[in-house]
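Report on one structure; see the data block that follows.
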Amino acid sequence: MLLFGCAAPASTDKAWDCHTHSVCGEAGSHVLYGWAKDAPAMHLPPGVGFRVGQGTGTQVLVLQVHYTHMRPPGDASGVRLRLTDAALPFSAGMMMYASYFQIPPRAPSHHVPVRCCYSGFEPARGFAYRVHTHALGRSVFMDRLEGAADAHTRLVEHSPQLPQGFTPIGDLAFWPGDRLEATCDFNSSTREEATMAGSTHHHEMCNLYMMMWSELPVFMTCSGAGVHGDEPSINPSGAGGLPAEAHGAPEHAAAWAPPAMGQVAGVARGHNGSVWAFHRAERVWGPGSFDVDDRFTEEQPISEAVMVELDQDTGEVVQSWGADYFYMPHMVTVDNAGYVWTTDVGLHTACKFSPAGERVLCLGVPLEPGHDERHLCKPTQVAVANNGNVFVADGYCNARVVEYTPEGTYLGEFSLPAEAGGPMIVPHSVVLEECERALFVADREGAHVHRFSLINRAIEGTWDLTEHGLPYALAVGPYGALLALTWQRNAGGGVNLVRLDRQRPGPAGVVWVMPLPGVEAPHDLAVVAAPVRLAGKERPVAVLVAETRAAGSRLHKFILLPQGESLPPLGAGEQPPPAREAWQGVLAARAADAAALAAEEVATGTTRSAVEALRAAGVDLGVAQDAAALGADAAAAAAGAGAAGALHSAGTAVPDDGHAGGHEGHVAPAGAGGHLAHSGGGAGGGARGADGRDRVRLGAGRALLLGAPLLAAATLVALGLWRLAGPNPPAYEALRAKAHASPTRLP
């Protein structure tokens, strides 16, 4: 069974024979869940769900059921759906890999790779995955590709001949720009003719579904042939994306109240619900701040703590540091590991700090401007690649971007050749888009944004933003959207957020221009998720804009809404919850669950996968002759599986995912916005329509919970999970052998 979220169904019937056609009638459909006979249940992490209903991309839910034979009369296969009123702080999403291929005959091992790049703007955490092939599949696995040589690091692997449900895993971090490859290994030794990709049992399929959670959802379909550069299929204006036509609504002052600061030169999205602001306290950059040799004229550093960590939703101060070190703060960047990178135009350095403010590394020579491999001159911003390489925009007096190793060794530099209009005047902002293998540089005083290749440092294209203002800052948003903060400094002072098509340099590459009212002297830009109180529909994107006014600088927040929508008012006395509370609660729950699983592994001698299957499935180990070998603790955990989380639902068993018979779609309309989440349970009844299908309408501001079906054959359910690495203990292997020998198991 596959559950799809659709904008509209392909048929108006409640149930229809869909054959191999799409079940959705419009673009933007997503696979939300998949299950096949004998597979175990799964649970979404706490605080995570799929947003569905009014104001979201999922207006209708369609359940597609694949039968080995034609659908039997009176069949009532399905899943049960439940709603929650909670505004869940995190969204579930999916990376789906599929491929079109041909398998040669008599090949004991034939690999079909499918490769694409994770294009979210924030890290996503994979928590469960599902694989699917037909009879020839031996194994399906996912690798992360690293370095110029595409070194493979195995992330997950599963046998498609085991029950095909979602396999839970510990949070597996995917970073923007991660290159990921799913591969199906087929054995066609018994075939005398080539086997083609297709939907029937005589054909083959190659699928891997990775379910992830993040603040904003990510839905990607990857179907390339394994060549780098294959573009995933996405809807850039769909769930988790930017509106096709947007306006910026200033956040309510009662909801966003950061402290008073000096000139706010830098702002960056941090980790786990925080943002970082880098300000100048009482110091102001004026005409006499530097001498003719670009040396800073102030002799003492700023005495105040100018690096401030704030709550992402409320602006409350989490911590501050940096007193008596910085001279003229400029911009701030947070890397994948949480380290905070700063540029200081007075010190002429770019430095790396721990989140607590401990200095780890500095590039450049303090207080000495220069133009060589050791020196920097008024550097402006840092970007850090997934491999740790550091890119420094250098800056007000050097027209280059310098690349270093993670340890600070000079590697080379990016500069604009004369034939492309070079040199740059002030490379003021720099961002990476590693899916494109591109470096983007905002030449502020040149009014241009340049795209360079990360492979050979060559210029690949330019956007002229003179019409819209000088580009002060760049940021990468959802699905790799490139955003520029511009200021018409010499033509009326208008401030804009400009969305650029990163693949189309030139005039045609400007997607939209959005005014930002109330901003004066803009300097930096950060993209974050909108506050969780706005998560009743699709959670919007927000941008933070830092100002460097001589007095009264602010850190502005704008919510990016579709044209025609307005920001809901705050209720009387309403105090929005801090974002960090939601993060701390979910991370603590995940840590506690991991600790419990680890303790059970030690107590029982079994694998994590087996124990998690036992807990999720509610297995009575007494049905297995060798149950005692797994230990009393595992049996107790399995007996109490129904207590694992507060959100539970049930479903009925369905025939095996054989594809030789019929394919049917069943539809349930979605109401006003809410969440959809998965949860496990046993077989159950519930309200059904006349055709035996579960019917659920989504109420206003609610969330939908999906229950994975379970079979009475508990042993088979329990063994649907496969250990990621290393041998399985004898007790587990004995149970698995019994499952394979069971006459109730389908081939």
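Even glycines carry a Cβ here, placed using N, Cα and C.
Features as listed in TrEMBL:
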| type | residues | note |
| --- | --- | --- |
| DOMAIN | 1-70 | domain 'Copper type II ascorbate-dependent monooxygenase N-terminal' |
| BINDING | H66, H132, H134, M205 | Cu(2+) binding site |
| DOMAIN | 95-223 | domain 'Copper type II ascorbate-dependent monooxygenase C-terminal' |
| REPEAT | 363-407 | repeat 'NHL' |
| REGION | 654-691 | region 'Disordered' |
| COMPBIAS | 656-666 | compositional bias 'Basic and acidic residues' |
Excluding the flanking five residues on each side, which residues at least 6 beyond the ends of the repeat 'NHL' (363-407) place their CB within less than 8 Å of a CB in that stretch?
-> 146-147, 175, 177-178, 266, 290, 293-296, 327, 330-331, 333, 335-336, 339, 341-351, 413-416, 422-432, 434, 439, 441, 452, 454, 457, 473
So how many of the residues in the domain 'Copper type II ascorbate-dependent monooxygenase C-terminal' (95-223) end up helix, strand or coil by DSSP?
-> 0 helix, 73 strand, 56 coil
Around the Cβ of H132 (Cu(2+) binding site), how many other Cβ atoms lie within 10 Å? Please give the count over every shown protein chain.
-> 21
Binding-site residues considered: H66, H134; fewest surrounding Cβ atoms within 10 Å belongs to H66
Given the model, what does the mean pLDDT over the repeat 'NHL' (363-407) come out as?
-> 97
By a simple count, how many Cβ atoms lie within 10 Å of the Cβ of M205 (Cu(2+) binding site), its own Cβ left out?
-> 21
Using DSSP, tally how many residues of the repeat 'NHL' (363-407) sit in helix, strand and coil.
-> 0 helix, 19 strand, 26 coil
The domain 'Copper type II ascorbate-dependent monooxygenase N-terminal' (1-70), counted residue by residue under DSSP: helix, strand, coil | 0 helix, 28 strand, 42 coil
